[in-house]
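These come from TrEMBL:
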type	residues	note
TRANSMEM	12-27	transmembrane segment
TRANSMEM	48-69	transmembrane segment
TRANSMEM	81-98	transmembrane segment
TRANSMEM	105-124	transmembrane segment
TRANSMEM	130-152	transmembrane segment
TRANSMEM	164-185	transmembrane segment
TRANSMEM	200-221	transmembrane segment
């Protein structure tokens, strides 16, 4: 498909209109004009230009290879260009978000490339309406409904608006699908041909083949971020140059170990070559320990690796790290909603390098009225933590105490469990925090 269809033309027209409107208003508004100039300048930053050149240099031989295999040809230039702008360049401007959870991004991208929804999206865009309908009705309506639905989901009071928008979008989906089926029955040959197969597969192949580059690009960013900050933790300039080389030699593509090593030197600064070599050995030893876990007696506490994963059912996995003075700590916050001040569930662990001796889970709410909504989730999280840590759950009296917000202190399997509820009235609306802790009886709470 080497020509623009009416939907693509409509999209381009609306983008031009939007840009013209922004430019027009920026001529009257100094603040808007300054922001627009700053955005345009950022597109021409040397790092952006260099990254785009790297992406293009990587994709050029990929396209040549696909061309030699007769998977890609010049009829796919339009599809390739749209994919290049929306996905390849799009990921570049979304790199910070991807970097925070790269594993989920890669898995999610591969899954979305081969699931049914990508095929449905393709067939819905295969047959389009005439330009006037696409320009005046289809593109604006779908865009507005999608924006309203996305905004409404962040506020529980607007759920009815979201449901209405989603219902209309579903109706539009069935209209598109019916239109597609009618066109297919009229002339099956327009759909069932090699050109259509190419149109469908080209973005999928390009996406999957682009992911290795993106992975190494993220690794490059990781090294760059660390290297530019080394001088804060290593005073010897000659040692810094050697450090850069040895970090790459020792950790290569192991991003987790690179992060762990850098965190270590922030706590324990490097003063000489011997300390540098020792820091690499220490991180490698810790990595070996994680691969060959030893059983920790319950009277001492819990295995750090196991404790990190006690709440994975709630999508909470934490990183246990050295915070100095032989104290190790880890925490992870889970947002429970999309409000400006979201309700949060936070999991904490603390101990020494080998043994976690305290587990804690907190629920923080910015509005007391939300308590009934989140108490059940909090209780489930506590039960999950207890079953993993002590192989026991809350009894009915303890559950009743939590729901009635009554503090309690009990003993289970020689461990002390404590629930505390606290309100904060210094701000409006009033906020509250619920805390549940498992620890040794003699252990002070953190």
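From the backbone N, Cα and C atoms, a Cβ is placed for every residue, glycine too.
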Best-packed against the transmembrane segment (81-98), counting Cβ pairs under 8 Å over 105-124, 164-185, 200-221, is stretch 200-221
Ranking 12-27, 105-124, 164-185, 200-221 by Cβ pairs under 8 Å to the transmembrane segment (130-152), which is first? 164-185
Counting only residues at least 6 beyond its ends, the same-chain positions whose CB falls under 8 A of a CB in the transmembrane segment (105-124) are 98, 173, 176-177, 180, 199-200, 204, 207-208, 211, 214-215
For the transmembrane segment (48-69), distant same-chain residues with Cβ under 8 A (at least six beyond the ends): 42, 80, 84, 88-89, 92, 205-206, 209-210, 213, 217
What residues elsewhere in the chain lie close to the transmembrane segment (200-221), defined as a C-beta under 8 angstroms and at least 6 residues from its ends? 51, 54-55, 58-59, 62, 66, 71-72, 76, 79-80, 83, 87-88, 91, 95, 98-99, 102, 106, 109-110, 113-114, 118-119, 122, 253, 255
